[in-house]
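*Asks:* Supplied in structure tokens, the structure appears directly below.
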Amino acid sequence: MLSESLFKSLGHLASHGHLHDAFKTFSLLRLQSSSAVSDDLVLHSAASLLSACVDVRAFLAGVQVHAHCISSGVEYHSVLVPKLVTFYSAFNLHNEAQSIIENSDILHPLPWNVLIASYAKNELFEEVIAAYKRMVSKGIRPDAFTYPSVLKACGETLDVAFGRVVHGSIEVSSYKSSLYVCNALISMYKRFRNMGIARRLFDRMFERDAVSWNAVINCYASEGMWSEAFELFDKMWFSGVEVSVITWNIISGGCLQTGNYVGALGLISRMRNFPTSLDPVAMIIGLKACSLIGAIRLGKEIHGLAIHSSYDGIDNVRNTLITMYSKCKDLRHALIVFRQTEENSLCTWNSIISGYAQLNKSEEASHLLREMLVAGFQPNSITLASILPLCARIANLQHGKEFHCYILRRKCFKDYTMLWNSLVDVYAKSGKIVAAKQVSDLMSKRDEVTYTSLIDGYGNQGEGGVALALFKEMTRSGIKPDHVTVVAVLSACSHSKLVHEGERLFMKMQCEYGIRPCLQHFSCMVDLYGRAGFLAKAKDIIHNMPYKPSGATWATLLNACHIHGNTQIGKWAAEKLLEMKPENPGYYVLIANMYAAAGSWSKLAEVRTIMRDLGVKKDPGCAWIDTDSGFSLFSVGDTSSPEACNTYPLLDGLNQLMKDNAGYAINKVQSSDEELLQEMG
């Protein structure tokens, strides 16, 4: 029949997006309608046209079809209602869609499912729940396509009470074993942070797909329950279910968070052998793991994959690449990655500046910061958090003051305790302890970092009493010290020879503050006793501590013996330090000085031979001073400066002043460090 032929032709045209020709065919079909059969064909043709209007986003054409349906009196026909609801929902005209459903007599859940799914897609979760309640009130029973959207809405709105109501209706329905419904239930309880119910639902499922496994693994991951997540991942792997890239990323990210960096890289390597391959998230996880363990070779491999996949242009990937190279001390490649992009974001600028700052490349970091300003970017809290610690480490007071002014001019930094702590540290490490205290007094909130910087600053100035008073103020304020704070206090006691105070803190640090002494704390005690001349006690500390002494610990004891003229313990410390074959050339100078003082010339010759064989060479010492005209650099033995004739007599005077105030006599037999190095060279 001609009508059937036109109907088939219309369906073909509509499904292939030829809307204009489909409408022409529809007009011909209407002219041919003269029986009940042809009316039915017209009805289904209108339904096909509405679907085509959705596909090609032809709103006005769809409205014309709707108008025809109204004029024909078939607007609420069971064939057309779902199509009309789909049409209006596709254009986010949900009121029109719901009005059509409400005015129809259809008791099938399909049109409601379409409306509810559209609400959920547009994140109108309150409307999802309202539509579901209206649907149930009309006596329409939900089906397996209704529940997932409603459960998602309950989870997103954290409507625990109604979520349980919906769950209850599922339990008494035939859909309690539906794969999609169970997956939605697990996801909802994940949002409710109810791991118990989520896991029970998962365990009772007869059928599980990748979504099921991902949902419950993600539940555990979101709660930081990584051992359970890892266990389920292994079970998923052995069950034969295809592991999606999302699951790989969740588990490898979990390894990263729990400190299992090698495990994270192992998972990333396994991903490369599967069809999932690496996506940008996986690459970022892998690069972060590489940066944390210094695996630059694998980092370069991931970089190559990023280039091959065109992911290296993604901002987050590029920033992580810069960080990886910086952490692996390969600033050349970090800068190459940075320079490859013409327009860098503020995050990218922060990444490269942070890389140079962490490696104490102050000149390069300052130059990059100036470049960033010229490019029109203003430093944010992350920029300042990178630069200020560098200013503190190199005692760059001038730059610290400039950043202080920058912070003061911007109210947005008022409550950034981390930045104010960094400023306190800059002033303290630059010797401006009064200014550091003034900055801390103006802070709205102080924490253990604030007090640690002040204690360390006063300790280095020889103000051990003030440092102890600050420590008491800190603990009385309810601020709990950490292990770094205790190191600062012990160091302050050491510099001021407050032996009894240091002993008391060391004895009670675990029982009173819950801080177990680590190697740093024991080394501080060695320094405390050594500076005070209690060398036997310092030796006992090393003998009895539960850690293997580091080169720095032996050097501390050795230097104390050198100062106080105790060659017996000094020779013992020198031998122990020499056994470690340290890379620090200054340690060999200490050892050589001790053997020279003890008259052990054969040992001294042995030290010289070891230094020569290992190629140990001490770089000339250098320092700099910040003046109004900029930084002036001083190097050992440098006479090129026009001020050298004035500088060296002043330096000799300062050296003598330090010796006079040190409280001990200089052994005239021993050579200076530089003289010994010249003899060994």
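The backbone N, Cα and C atoms fix where each Cβ goes, and this holds for glycine too.
According to Swiss-Prot, the record shows the following:
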REPEAT    108-142  repeat 'PPR 1'
REPEAT    178-208  repeat 'PPR 3'
REPEAT    209-243  repeat 'PPR 4'
REPEAT    244-278  repeat 'PPR 5'
REPEAT    279-313  repeat 'PPR 6'
REPEAT    314-344  repeat 'PPR 7'
REPEAT    345-379  repeat 'PPR 8'
REPEAT    380-414  repeat 'PPR 9'
REPEAT    416-446  repeat 'PPR 10'
REPEAT    447-481  repeat 'PPR 11'
REPEAT    482-517  repeat 'PPR 12'
REPEAT    518-548  repeat 'PPR 13'
REGION    553-628  region 'Type E motif'
REGION    629-659  region 'Type E(+) motif'
*Asks:* Which bits of the chain, at least 6 residues beyond where the repeat 'PPR 6' (279-313) starts or stops, bring a Cβ under 8 A of a Cβ in it?
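*Replies:* Same-chain residues near the repeat 'PPR 6' (279-313) but 6 or more away: 245, 248-249, 252-253, 255-256, 261-262, 264-265, 268-269, 271-272, 320-321, 323-328, 330, 337, 340-341.
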*Asks:* Can you work out the mean pLDDT of the predicted model over the repeat 'PPR 10' (416-446)?
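*Replies:* Mean model confidence (pLDDT) across the repeat 'PPR 10' (416-446) is 94.
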*Asks:* Counting only residues 6+ away from its ends, which parts of the chain sit with a Cβ under 8 Å from the repeat 'PPR 8' (345-379)?
*Replies:* 315-316, 318-320, 322-323, 325-327, 329, 331, 334-335, 338, 386-387, 389-390, 393-394, 396, 399, 403, 406
*Asks:* Could you give the number of helix, strand and coil residues in the repeat 'PPR 13' (518-548) as assigned by DSSP?
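*Replies:* Across the repeat 'PPR 13' (518-548), DSSP assigns the residues as follows: 24 helix, 0 strand, 7 coil.
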